[in-house]
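Asks: Here's a structure for you.
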Amino acid sequence: MRHLITTKDFSNSEVIELFQEAKEFLDEKPRDFLKEKSITTIFFENSTRTLSSFESAARRLGARVLRLDVSRSSSSKGETLYDTAANLDAMHPHAIIVRHANSGVPRILSSCVHCPVVNGGDGKHAHPTQALLDLFTIYEHFQGDIENKRILIVGDIKNSRVASSNIELLSRFGIKITLVAPPHFMPNTSLPKSYLLNEELIENADIIMSLRTQVERHEKIVYASLKDYANDFCINPKLIKDKKLILLHPGPVNRNIDISDEVMKDQRALILKQVKNGVAIRMAVLKKLILEN
Ligand code: NCD
């Protein structure tokens, strides 16, 4: 049984195949590849984009969606993850999409069910469909010519599952990554890194990926204030001037902390395109995992 727990679960050629399929799905026409299939979503952590993106992807492929309401599920009554999994499995879904605040939960779930499990984000560990949609957005923008493109990943990299999945996936496709963050948000890394976001870095970048400060994952406040962080790392017109580049963000954006209001309106900010591409990528992922398993 194949699952999507981390980006490593798909080879480079499979990723390109997903992109080819996702490109077709961008027309937003409903399809019936997954007619009669049922897909369960179980999100133990808040989500706006990812949950609705997976559910619309499933529906656009003709599948039925069962959303488990976690606030009313038995986990809050002390049921173990194994028992929750066994019960979910007994309903015979064709795929389960799970998000959890703890790293490793999708992997555990995948070992006790009989259908593909898709990781919708687990703790700081991984968010594979986000990285796939980010790379797809880059791939589409540069018309496939992505090798040696240079990206700055800016923000709370240490606590971001989006960053870790992107680092794995983008490096495999020859994209040159520089991590930009204050010391307390910088992971241990062998990648090029900078504690300052300066003009020279931007001058040499093709892509900037800005990330939200993951306040919910900080055990203690390690910086003076988000405003101080914004002074140094907020993407604003003064920093990017008229440099030819694209700007990505997985959302939710903290305006004027991650990205300024002006830059949010800029043509170079592809944030809503990422959201649109996300549905198409998730359609391709669900179709592949359900029909090829
Ligand atoms: C991200 C997440 O949940 O990891 N959001 C998303 O899935 N679009 C990033 C974040 O919450 O900052």
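Glycine residues also receive a Cβ, built from the backbone N, Cα and C atoms like all the rest.
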Asks: Kindly point out which candidate in Arg99, Arg150, Arg217 is recorded by TrEMBL as part of the carbamoyl phosphate site with Arg49, Thr50, His127, Gln130, Gly251, Pro252.
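Replies: Same carbamoyl phosphate site in TrEMBL: Arg99.
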Asks: Hey, what's the Cβ neighbour count for Lys77 (L-aspartate binding site) at 10 Å?
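Replies: Result for Lys77 (L-aspartate binding site): 7 other Cβ atoms within 10 Å.
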Asks: Would you list, in sequence order, the binding-site residues among Lys77, Arg161, Arg212 whose CA lies within 10 Å of the CA of Gly251 (carbamoyl phosphate binding site)?
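Replies: Correct set: Arg212.
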Asks: What's the CA-CA gap between Arg212 (L-aspartate binding site) and Thr50 (carbamoyl phosphate binding site) in angstrom, rounded?
Replies: 15
Asks: Could you tell me which of the binding-site residues Thr50, Arg99, His127, Arg161, Arg212 have their C-beta within a distance under 6 angstroms of some atom of ligand 1?
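Replies: Those binding-site residues that pass the cut-off, since their Cβ is under 6 Å from ligand 1, are Thr50, His127, Arg161, Arg212.
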